[in-house]
Amino acid sequence: MASSEVEPAKTILLTSVANTIERFPLREGSFSYGTAGFRTLWERLPSVVNRMGILAALRSRAKGGQGVGAVVTASHNPIFDNGVKLVDPDGGMLSPAWEGYATRLANASQYDVLLTVSDIIEREHIDLSTVGKVFIARDTRPSGEILVDGLLEGAKAVGAHVEDLGVLTTPQLHYAVRYSNLNSKSSSLQGYMENIVTAFRKLVELNPKGSDVKIDPIKVDCANGVGAIHLKHLAEMLSPLAEYRIYNDGTEGVLNEGCGAEHVKSLQVYPIGLDAAPNEHCCSLDGDADRIMFFYNNGETSGHAEGDGFKLLDGDRMASLLAGFIHNFVLEAELDKELSMTVIQTAYANGNSTSYLTGQLKLQVMCTSTGVKYLHAKALEHDIGVYFEANGHGTVLFSDKALQLILAGVESNPDPDSSKKARSFHILLQLSDLLNQAVGDAFSDMLAVQIALLYRGWSYIDWINCYSDLPNRLAKVRVRDRSIVKTTDAERRCVSPPGLQDVIDRMVKEVSKGRAFVRPSGTEDIVRVYAEAETNKLVDELSNGVIAAVFEIAGGVDGKQTHKSSK
Ligand code: NG1
Ligand code: ZN
């Protein structure tokens with residue numbers, strides 16, 4: 001665009017921005033774009049969501065008009081919360097540099113919005129002759145529809161072409177954005193469904209035991225969320241090969257109330273309405289279906305009625321199952337010398353899962369800060385990056401180099417039955433299709449786990465027997481100012497307030513298999529305290545000791561345990 005045309009174009013754009021933000025006035029500030037975007041009571045959000053529409057369109061124009069996503073969801077939060085998160089053109093989380101713009105825009109006065117938009121255009125050298133493209137989706141929250149209106153208006157005000165994809169799971173939106181820019185797969189919802197269904201079917205056919213196999217039916221708690229809508233469709237497509245019995249489908253219960261992945265993980269109890277007979281395979285999705293937890297009833301009574309016999313298989317278990325499973329085919333395809341494979345965890349990964357991955361499976365393990373964006377970024381540095389948070393977010397990424405080698409292997413060995421090596425190439429190719437390459441996805445993770453168990457001939461009991469979790473405790477402590485708590489070494493060590501880490505070190509040293517750390521939450525105004533140790537008694541002592549130290553040294557106001565997992 002000629003420079004003389006730039007100013008009029010910018011003036012038109014700023015006028016259009018001024019008009020839209022006037023319709024969605026900022027009532028109060030103090031928003032921060034965290035690991036989950038913005039998330040709070042929905043009534044606080046209309047101005048924020050409208051401004052995120054503006055930012056999404058700017059991001060798209062800054063990326064030469066590539067598609068960008070915006071999803072309205074508050075995941076596992078209560079029904080009256082909502083949130084908004086932007087998706088970059090590769091289908092991943094918004095680039096950290098732009099998170100700063102998001103926070104600035106969300107808190108800006110009407111006038112400062114115009115200054116900020118103008119500043120973004122300058123700094124990011126946005127060519128105002130490009131046309132932006134924004135994909136929008138939302139979960140099932142009643143407030144979603146109202147909020148999407150503001151999002152849509154904001155994006156249109158900045159000249160973006162907007163495609164409202166309606167009610168989708170968060171991973172479906174990430175997928176749509178990624179493949180709208182890659183053109184290698186159909187980015188439509190139908191394309192997403194057909195992709196995973198085809199990969200799952202082919203993986204069943206490639207199963208060395210033959211395709212005439214029985215896949216264990218699975219009971220799926222959908223948290224009364226968006227997962228139910230799309231799982232019904234997926235289940236129809238996969239019937240009668242696999243059977244999904246859907247619970248908490250939203251027709252009666254309330255979103256995330258007494259159900260969902262967060263509920264079963266933190267309370268270690270069954271979701272409401274799902275009756276798990278001994279050893280039946282069950283799982284729980286969260287409200288936007290980007291997380292999954294597996295569980296079963298081992299038939300034992302514990303005296304704790306709600307959680308009698310309850311056994312949880314969390315993100316650490318998925319990491320160990322899928323990493324071991326995939327690594328086996330990497331070895332059989334003789335790709336281990338050429339491809340780097342790494343498992344990425346956070347400090348919340350149970351110590352025994354890490355020992356199992358490194359000791360038994362001989363895999364490289366790395367630790368990053370909490371939050372999917374950090375794990376995803378680290379996974380991208382490797383040819384095969386297996387990443388999972390203990391709470392069930394995660395997937396397996398395959399680099400371009402890995403995909404090229406796998407494809408070349410398939411092309412030179414078109415018959416999977418010709419050798420074990422040939423079959424491995426075919427299996428790896430299908431796994432790379434099944435596992436969502438944009439973001440962790442409850443559906444593709446569920447299907448991948450089913451495939452891994454099928455190939456191994458394992459039940460959940462065999463899976464859980466790989467290792468036993470160290471007893472652990474997770475607590476939250478509200479402090480006067482959580483910004484004083486600063487960490488290093490992937491959040492495993494505390495560098496501020498002074499003296500806190502020394503006290504933690506002294507306590508940890510006293511305890512067999514002890515480990516503890518303290519970090520400020522990125523999503524709540526609290527500090528989280530994690531502890532694990534060899535026995536329940538030791539972990540209680542350690543956890544209580546560290547909580548007391550946080551109260552004393554970091555100015556604790558109140559605290560409570562949020563998660564307890566005992567032997
Ligand atoms: P914070 O609040 O920063 O601990 C929580 C989860 C993360 C992740 C984000 C949402 C724990 C201990 N933390 O983060 O794993 O799910 O929410 O992106 O579960
Ligand atoms: Zn979620």
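Numbers run from 1 along the shown chain.
Yeah, the Cβs are placed from backbone N, Cα and C, and that goes for glycine too.
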Same-site residue for Mg(2+) (record: TrEMBL; known: D286, D288, D290; options: S75, S483, S496, S512): S75
Long-range environment of the domain 'Alpha-D-phosphohexomutase C-terminal' (511-544) - Cβ separation under 8 angstroms, sequence gap at least 6: 34-36, 39, 347-348, 350-351, 370-371, 470-479, 482-483, 485-487, 491-494, 500, 504, 550, 554, 559, 561, 566-567
Number of helical, extended and coil residues in the domain 'Phosphoacetylglucosamine mutase AMG1' (190-292), per DSSP: 37 helix, 15 strand, 51 coil
Substrate site span - longest C-alpha distance across E389, A390, N391, R519, P520, S521, G522, T523, R528, in Å: 17
Within-chain partners of the domain 'Alpha-D-phosphohexomutase alpha/beta/alpha' (68-97) [C-beta distance under 8 Å, separation at least 6 from its ends]: 33, 36-42, 45, 48-49, 52-53, 55-57, 59-60, 132-139, 141-144, 147-148, 151, 155, 168, 170, 173-179, 181, 223, 226, 254-257, 260-263, 286-288, 290-291, 372-373, 376, 437-439
Residues flanking the Mg(2+) site, with Cβ no more than 8 Å from the Cβ centroid of S75, D286, D288, D290 and excluding those residues themselves: T73, H76, D139, T169, T170, G225, A261, L285, G287, A289, R291, A442
